[in-house]
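Since the structure comes first, as structure tokens, the remarks are kept for the end.
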């Protein structure tokens with residue numbers, strides 16, 4: 001058993017402290033966001049209320065792109081500590097922290113003789129802009145990142161120690177399937193396909209790898225078949241996530257978004273010039289180095305040609321990059337030009353933040369003007385000062401300093417912008433109003449697509465009626481003449497403000513609740529032509 005050097009323990013306190021600061025800040029500054037976070041929480045809530053634990057449902061409908069493991073874990077926490085928003089946030093935060101520890105473990109297994117790698121890799125990860133922004137969010141990719149790192153650690157042990165660890169590889173794959181379906185293979189399979197690049201004698205390893213993938217998929221298929229047996233109306237391919245996988249392969253994101261995503265993903269490290277010199281000095285023939293390069297490049301290639309959104313799908317790949325940076329890092333003395341690009345980016349972000357209070361002159365939306373005027377330019381001034389200090393004390397710049405640049409940006413925007421804009425995203429008041437309606441016998445409908453944003457916060461016990469067409473509205477009016485309808489308006493007029501029973505700003509529009517009669521009289525319903 002390898003002992004934990006002092007450098008590892010010291011750095012562990014650093015990155016755990018940064019993680020804790022980011023978690024507390026996110027909890028304080030922003031609510032659970034529609035639609036991803038609240039949608040996931042809504043699925044868990046509906047499973048909890050209905051007692052239906054085998055298929056995820058939302059608003060009474062099966063959610064084919066949602067998988068059970070995360071919901072099971074959330075319900076486990078609820079059964080122990082009660083239903084709360086804190087439990088939802090806590091679970092995501094713990095998995096984010098677990099990814100840091102698994103990154104350190106991977107560094108320890110790959111470079112046991114270099115304690116700096118396992119000490120610095122988690123610091124590089126938590127100090128990256130993308131990770132510092134999303135590490136506290138309750139999104140699928142945070143859980144995917146954890147189970148991918150678990151899979152990678154088992155793979156390293158199977159490679160370096162004993163073939164028995166291939167059972168762990170299969171187990172991690174199975175858990176990944178229960179998080180995101182067979183789309184987990186987009187992240188897990190590439191490193192196996194390029195095994196000849198990092199394993200000299202790969203014949204037996206390829207055989208074991210194929211067996212691990214097949215056995216994990218077989219168990220997942222058996223589970224899916226069992227679900228279909230009890231719910232014949234479900235498609236087995238949908239249960240396993242095959243249509244989702246094919247849809248991603250057929251709809252990649254544009255090259256421009258790909259390039260922008262990579263730039264954001266790699267800040268601040270890609271802007272730090274000494275890193276390139278450090279990489280030049282690394283022995284490229286190291287087996288561990290070749291493994292990480294093969295893992296990162298193969299997975300990045302597959303993800304970029306299959307994922308149709310920009311930044312978020314790249315999150316699970318970031319630990320591979322951080323391990324490479326930690327291996328290359330030499331702790332050299334920096335010159336001002338070495339940190340100039342990083343300082344310039346921070347200064348630009350500071351100027352943008354300073355300009356927000358004055359942007360209200362060019363915005364016509366009354367509520368947007370109101371929250372823009374509350375943003376203090378001092379947060380931008382703070383970033384400018386930080387960038388200047390980075391240049392002045394360039395010689396003192398170390399890994400910890402660079403990690404804090406992303407943290408400083410995240411904290412500045414959380415406190416300076418996100419906290420002031422929370423009224424545009426906080427649907428708790430609307431959710432409580434909808435809950436009051438349902439508890440008092442009113443049937444509530446939602447105009448347009450409903451993604452579960454009210455279910456968890458309102459603890460709704462009944463689904464909302466979804467209205468898209470004239471025919472649906474007429475049926476609802478006949479069925480529930482005293483019902484209430486949630487609509488989304490571009491603006492509120494004096495008439496709509498007077499007749500609305502409730503309204504609030506919501507994203508770039510207004511969320512308003514009207515009675516059926518008022519909706520009919522005002523002709524406010526957004527309608528699609530019936531098929």
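The backbone N, Cα and C atoms fix where each Cβ goes, glycine too.
In TrEMBL this protein carries:
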type: TRANSMEM; residues: 12-33; note: transmembrane segment
type: TRANSMEM; residues: 76-102; note: transmembrane segment
type: TRANSMEM; residues: 123-152; note: transmembrane segment
type: TRANSMEM; residues: 164-194; note: transmembrane segment
type: TRANSMEM; residues: 206-226; note: transmembrane segment
type: TRANSMEM; residues: 255-275; note: transmembrane segment
type: TRANSMEM; residues: 287-305; note: transmembrane segment
type: TRANSMEM; residues: 311-329; note: transmembrane segment
type: TRANSMEM; residues: 341-359; note: transmembrane segment
type: TRANSMEM; residues: 371-392; note: transmembrane segment
type: TRANSMEM; residues: 399-418; note: transmembrane segment
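Distant neighbours of the transmembrane segment (287-305): 110-111, 152, 156, 159, 186-187, 189-191, 193-194, 197-198, 249, 252-253, 258, 313-314, 317, 320-321, 323-324, 327; these residues of the same chain sit at least 6 beyond its ends, with a Cβ under 8 Å from one of its Cβ atoms. Counting C-beta pairs under 8 angstroms (sequence separation of 6 or more), the transmembrane segment (341-359) reaches the transmembrane segment (399-418) with 3 or more such pairs. With a cut-off of 8 Å on Cβ pairs spaced 6 or more residues apart, the transmembrane segment (399-418) and the transmembrane segment (12-33) reach 3 or more such pairs and are scored as touching.
With a threshold of 8 Å between CB atoms, the same-chain residues lying at least 6 positions outside the transmembrane segment (12-33) that come near it are 41, 85, 88-89, 93, 96-97, 100, 104, 119, 122-123, 125-127, 132, 135-138, 400, 403-404, 407, 410-411, 414-415, 418-419, 422, 425-428, 456-457.
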